[in-house]
Structure formats: C-alpha cells, structure tokens
Ligand SMILES: NC(=O)C1=CN([C@@H]2O[C@H](COP(=O)(O)OP(=O)(O)OC[C@H]3O[C@@H](n4cnc5c(N)ncnc54)[C@H](OP(=O)(O)O)[C@@H]3O)[C@@H](O)[C@H]2O)C=CC1
Ligand SMILES: O=C(O)C1=N[C@H](C(=O)O)C[C@H](O)C1
C-alpha cells in the first residue's frame, strides 16, 4: 500500500516505522513547512492518507484528500465539532474516511467495558463518576479525544449524566459541577503518552478503571491497521467499526 502521511511529528514518524515494517511505502510526507506539496496530483500517488497533524490543520487535510478521492485515516483530535459536516461531505462525494480518538486495541477494549459498566451503574446511584486524563505538555487540545469518547460512552449509558465539562488542571476553573454534569479532569505532565481513568466513587469506596499507554506504538500500529482496512472501502467509519467486542 502507498501511504501519504499528513503530519510528520511524534505520531507520523512512528507510523512510518510500522508502515515500512508491514511492507508499505511512504510516497508523501506533508508537514507545516511543505504545504505546497499538498496537491491532488501528489495525493493521487497514494492509496491511502493518514493524518496525525493538528486540530487546526485536520479539516483542510481531510478535504484535500476528498478532492483527490483518497481514503483517509484521521487520528488527529480536536476537530470533532465539525464531524457531522465532514461526514455529510464524505458520503455525498462517495469518499472514505475512518477517524478515531484512539487507535490502540487496549483503549478500544476500555471504550467497550466503559459503556457496559455505565449501564450497570444505573442500578447504583450512590456512585459519582468522573474521567481523568494525563498527557504530555505539548498536547494542543483539552480534553483529550479519548477522554471525550469515554465521557460520551458514559453519558449515552448512564441516565444520571447528560453532559461533560472539562477542567484543565492549573488553569482557571470556576465552574460548580452540576449533578448531571460529568467532569473530565485534564492534567499535562512531561512525556506522558496518554493515561485515562474512569473513577466511580461513593462515600465508602472508589472503583477505578485505567488505561496507561507505555508509548505511542499502540496508537501508531492501530492507525496502520486501520489504513489497511479502509484502503478498498467507501464510507464514513469510526475505529470501533473495525473491532468486534462481542
Ligand atoms: N487517535 C489516536 O490514536 C492518537 C491521536 N493523536 C492526535 O494526533 C495529533 C498529532 O499528535 P502528535 O503527532 O503527538 O503531534 P505533533 O505535534 O508531534 O505532530 C503534528 C505534526 O503536524 C505538523 N503540522 C502542523 N500543521 C500541519 C499541516 N497543516 N499539515 C500537516 N502537518 C502539519 C506539525 O508541525 P509543527 O510542529 O511544525 O507545527 C507536527 O510536526 C494530535 O491531535 C493528537 O491528539 C495522537 C496520538 C494518538
Ligand atoms: O495527543 C496525544 O498524544 C494523544 N491524543 C489522543 C487523544 O487526544 O485522545 C490519543 C492519545 O491519548 C494520545
């Protein structure tokens, strides 16, 4: 498979490693300093694009792939406010896009367990719930996309929660959390690849479910596997469409 990398930073470079290891070829690398190379002609040299750029860059990169009719895997987070418009355009133009807040198998297992547990916790109103995430200090968005996905999984399955609010610890936060709100507490600490915890707490105990990434390898390998899955497909997908956690 011929791959175009959109974003050649921490993730792009690790994705390159796994792609080459799996016998693929990198035919285009786009970063902030060679935007002029992001052309339909250049994109059409690839079979699939993989975007791990920035929240502000992802939409333009996605539409460049749509213009080139190139399937695109989007790992970049922080653009989900525009998800519906992107999905509509993708389907109208018969393109292919797969996105995911987290491409690691471990986190996608965590996403599934999180939803099942939230359903069970409807029977135990004594427990409050919150999500915590820790990432490196270079992360541009807060909360993490993974934390948003966890929070939405809880909101969709736990009747007593209807929205989430985010506190980036160390920045001003005056909100008084209402009982129907789910707090996502974000921490930024040097060199943390990604740690996510769902905490259910009562007066007498606390239950914690935690995923700790030891490196970015799980994310990167998952992105390459997702690109292999998407290459010959059309449509709009989420990474959870690849996993079958029956
Ligand atoms: N879904 C998942 O499993 C994962 C998602 N992510 C997400 O992926 C994104 C990237 O993460 P990470 O690699 O750590 O971040 P980095 O900052 O290390 O890499 C992003 C790269 O994109 C470059 N860039 C900036 N603007 C553009 C543009 N217009 N087109 C192409 N490239 C551009 C940046 O250049 P410069 O630095 O010069 O601005 C940088 O080299 C983040 O949104 C993060 O949340 C991360 C890990 C896993
Ligand atoms: O920025 C990162 O590093 C990561 N971002 C993703 C997110 O926002 O959830 C995935 C992973 O946690 C690493």
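Cβ atoms here come from the backbone N, Cα and C positions, even for glycine.
Positions annotated as active site, proton donor/acceptor by TrEMBL: 135. Residue 135 (active site, proton donor/acceptor) falls within a strand when secondary structure is assigned with DSSP. On its own chain, residue 135 (active site, proton donor/acceptor) has 144, 186, 187, 188, 189, 192, 193, 194, 195 as residues at least 6 apart in sequence with a Cβ closer than 8 Å to its own Cβ.
The annotation active site, proton donor is assigned in TrEMBL to 139.
What TrEMBL lists as NAD(+) binding site is 75, 76, 77, 100, 101, 102, 103. The secondary structure of residue 100 (NAD(+) binding site), as reduced to three states from DSSP, is coil rather than helix or strand.
Annotated (S)-2,3,4,5-tetrahydrodipicolinate binding site per TrEMBL: 136, 145, 146, in sequence order. Within the same chain, the residues at least 6 positions away from residue 136 ((S)-2,3,4,5-tetrahydrodipicolinate binding site) whose Cβ sits under 8 Å from its Cβ are 188, 189, 190, 191, 192, 193, listed in sequence order.
Taken together, the residues of the domain 'Dihydrodipicolinate reductase N-terminal' (1-103) have an average pLDDT of 98. According to TrEMBL, the domain 'Dihydrodipicolinate reductase N-terminal' annotation covers 1-103.
What TrEMBL records for 106-242 is domain 'Dihydrodipicolinate reductase C-terminal'. Taking H, G and I as helix, E and B as strand and the rest as coil, DSSP gives the domain 'Dihydrodipicolinate reductase C-terminal' (106-242) the counts 48 helix, 40 strand, 49 coil.
Cβ neighbour density within 10 Å is lowest for 139 among the recorded positions 77, 100, 139, 146. A separation of roughly 10 Å, to the nearest angstrom, links the Cα atoms of residue 77 (NAD(+) binding site) and residue 139 (active site, proton donor). When every Cα pair among 75, 76, 77, 100, 101, 102, 103 is compared, the largest distance found for this NAD(+) site is 12 Å. The number of other CB atoms found within 10 A of the CB of residue 102 (NAD(+) binding site), across every protein chain shown, is 26. Around residue 103 (NAD(+) binding site), the C-beta neighbours below 8 angstroms that are at least 6 residues distant in the chain are 75, 218, 219, 220, 221, 222, 223, 225, 226, 239.
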